[in-house]
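Worksheet: one structure, shown below.
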Amino acid sequence: MEAAPSTSPCRYSYEEYKETADWLLAHTKQRPKIAIICGSGLGGLADLLGDKAVFPYEDIPRFPTSTVPGHAGQLVFGSLQGRDCVCMQGRFHFYEGYDIHTVTYPVRVFYLLGVETVIVTNAAGGLNGSYNVGDIMILKDHINMPGFAGQNPLCGHNDIRFGERFPCMSDAYDRDLRAVARQTAEEQGCGGFLQEGVYCMLAGPSYETIAECKLLQMLGADCVGMSTVPEVVVARHCGLRVLGLSLVTNKVVTDYDSAEKANHEEVLRTTQRRTQDLERLVSQLIANI
Ligand SMILES: O=P(O)(O)O[C@H]1O[C@H](CO)[C@@H](O)[C@H]1O
């Protein structure tokens, strides 16, 4: 196989991801088939796991560390509904200064651990006028805005051991998992605040201007956030099934006369309000998939 040119923006070799995965496999007896990535303020999902093995990111060879309030920074292995799971309590964002390959580093490690399904969660701003704060949106699609600007995590040398050069993204969010999520949400009493829509990722960390929100609405986005999409692209590249869930933590401002201002405190407050519903939903989902 031809080596990546030294100028390649792809920072990690197969062997580096493998080193991390092998270290984790040597340090836990769990063999997870399901990975959960916790969004801002949603780290409580990891507390659902029983028989836990917890690894702070700084102890894991080659793992990045997370710096955002609401993201604890540890990998939690454990059992939920009789299934082995691994949970990222704290994700990495492009705006923290990590390059796009580092943001997605854990996803390839999950693949090498033997994970088959990834449940990705996030806190997001509601663009769709009919959405309310506290709604849960099942992702049916995304808009990869940083990807439009060349920040796609698959740019650079393609290692065929992870996946093909030109992966399809029209089926990024698994249809069957979405159906299970809808059904489970109904059963768990979440049907009254359930949505299904399109998530748009922007690089952040500044929240959107009013004109930007109007533009995203015109593009057909229902929610906006600063994460998730790079992780999903890398997960799909290596054939993992993906379910995405956004919690609408705030409504974006689209009115020049509004006194509302997006802020991370509101985001975290809303996650606290919905944390039990989300935990119930994810827990039962895992039993149903
Ligand atoms: O996407 P998660 O990590 O849930 O967090 C969301 O909340 C933060 C902004 O309040 C941003 O990081 C945004 O992406």
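Including glycine, each Cβ sits where the backbone N, Cα and C put it.
Keep in mind it's a predicted model, so treat the numbers as computed, not measured.
What TrEMBL lists as domain 'Nucleoside phosphorylase' is 33-287.
Positions annotated as phosphate binding site by TrEMBL: SER40, HIS71, ARG91, PHE92, HIS93, ALA123, SER227. With a 10 A radius on its CB, ARG91 (phosphate binding site) counts 27 other CB atoms from all the protein chains. Look at ARG91 (phosphate binding site): DSSP puts it in coil.
Listed in sequence order, the residues of the same chain lying 6 or more apart from GLU208 (purine D-ribonucleoside binding site) and placing their CB within less than 8 Å of its CB are GLY125, LEU202, LEU216, VAL224, VAL252, ALA262. The feature purine D-ribonucleoside binding site is assigned by TrEMBL to GLU208, ASN250.
Feature annotation from TrEMBL assigns coiled coil to 261-288. Within the model, the coiled coil (261-288) carries an average pLDDT of 91.
Distance from the CA of ASN250 (purine D-ribonucleoside binding site) to the CA of SER227 (phosphate binding site) is 16 Å.
Ligand 1 lies within reach of ALA123, SER227 from the binding-site residues PHE92, ALA123, SER227, judged by a C-beta closer than 6 angstroms to any of its atoms.
Of all the binding-site residues given, namely SER40, SER227, ASN250, the one with the smallest number of surrounding CB atoms inside 10 A is ASN250. Cα-Cα distance from ALA123 (phosphate binding site) to ASN250 (purine D-ribonucleoside binding site): 9 Å (rounded to the nearest whole number).
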